[in-house]
Amino acid sequence: MTIGKIIDGKAFAATLRDKVADGVAGFVEATGRKPGLAVVLVGEDPASSVYVRSKGKMTVAVGMESFEFKRPDSIGEEDLLDLIEELNQDERVDGILVQLPLPKHIDEAAVIGAIDPAKDVDGFHVVNSGLLATGQEALVPCTPLGCIMLLKDELGDLSGLEAVVVGRSNIVGKPMAQLLLAESATVTIAHSRTRDLASVVHRADIVVAAVGRAEMVKGEWIKPGATVIDVGINRIADGEDGKSRIVGDVATAEALAHVRAITPVPGGVGPMTIAVLLRNTLVAAHARAGLAKPADL
Ligand SMILES: Nc1nc(=O)c2c([nH]1)NC[C@@H]1CN(c3ccc(C(=O)N[C@@H](CCC(=O)O)C(=O)O)cc3)C=[N+]21
Ligand SMILES: [Mg+2]
């Protein structure tokens with residue numbers, strides 16, 4: 001039995017961050033200032049705090065300015081909107097990321113809608129999703145763009161390939177489908193109501209799993225030779241010592257016997273998300289400064 005390739009997202013992300021760092025150096029030379037990324041974290045969720053800290057470190061490591069804003073769970077929507085407006089007006093800030101999810105009493109759509117689309121490095125604003133959907137230049141959500149980069153690196157031209165995206169979120173599933181469509185793949189979006197998910201997935205040359213359910217996509221669902229991108233990051237109890245570990249949305253060990261290539265969890269899509277965030281911040285900085293973005297980004 002042949003074993004598929006494990007796509008090294010961690011290494012690809014490191015290479016991308018190196019390119020971003022080169023681009024940052026050019027930007028500083030051209031403008032006399034560093035690109036800036038503002039990250040807003042509401043509440044105390046420990047996983048979110050760890051993640052925000054590592055983003056801040058990587059932002060500084062590529063030569064950008066990092067601004068972090070922590071606010072308590074109890075913050076009112078008006079106060080959060082005021083902070084966004086301040087960041088919209090701040091010339092040092094090229095990118096604004098509001099860590100999701102937000103507390104229930106805050107309307108996420110209202111907060112995302114308040115971000116200047118030119119600074120929306122998550123690509124979640126309806127202006128950016130509309131631009132993407134109509135094939136215009138946009139800031140594109142980081143996770144799906146990272147997935148496309150890995151797919152093109154592995155497969156080259158995606159044109160005519162059968163792609164199945166499992167999951168229909170605004171953050172991953174929908175923009176992923178738009179990006180695959182823009183690459184001329186044949187695209188299906190499957191979700192929790194899809195009948196006979198196994199046979200839908202079995203048609204696919206490209207499977208993107210983004211449902212948030214641990215190891216939900218089984219190995220025998222995968223068509224032999226398909227390429228699988230696993231977006232899931234699920235923390236599960238490990239049985240033995242009560243410790244937890246992270247698994248994806250795909251049963252990776254089973255799938256390896258069927259795939260051409262697959263992204264691991266951890267070390268696959270996750271690191272790409274952060275590298276693309278830095279890339280998007282650099283792209284936003286260039287656009288705001290009236291400069292063309294570096295060609296290799
Ligand atoms: N506005 C907004 N934008 C986001 O992009 C966003 C967000 N909110 N809220 C939270 C999620 C989560 N997220 C991750 C990104 C990278 C890893 C990552 O690098 N994971 C590593 C390590 C995993 C681990 O060990 O914990 C890996 O997969 O290898 C994880 C999670 C971005 N998010
Ligand atoms: Mg809410």
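Just so you know, the numbers here start at 1 and follow the chain as drawn.
Just so it is clear, glycine is given a Cβ too, placed from its N, Cα and C backbone atoms.
TrEMBL entries are annotated by machine, without manual review.
Database features, via TrEMBL:
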BINDING   GLY167, ARG168, SER169, ILE233  NADP(+) binding site
DOMAIN    7-122  domain 'Tetrahydrofolate dehydrogenase/cyclohydrolase catalytic'
DOMAIN    141-287  domain 'Tetrahydrofolate dehydrogenase/cyclohydrolase NAD(P)-binding'
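Around the Cβ of ARG168 (NADP(+) binding site), the same chain contributes LYS174, ILE189, HIS191, each under 8 angstroms and 6 or more positions distant in sequence. Residue counts for the domain 'Tetrahydrofolate dehydrogenase/cyclohydrolase NAD(P)-binding' (141-287) under DSSP, split into helix (H, G, I), strand (E, B) and coil, are 56 helix, 30 strand, 61 coil. Mean pLDDT for the domain 'Tetrahydrofolate dehydrogenase/cyclohydrolase catalytic' (7-122) in the predicted structure: 96. When the binding-site residues GLY167, SER169, ILE233 are compared by the number of other C-beta atoms lying within 10 angstroms of their own C-beta, SER169 comes out lowest. Look at the domain 'Tetrahydrofolate dehydrogenase/cyclohydrolase catalytic' (7-122): DSSP puts its residues at 62 helix, 18 strand, 36 coil.
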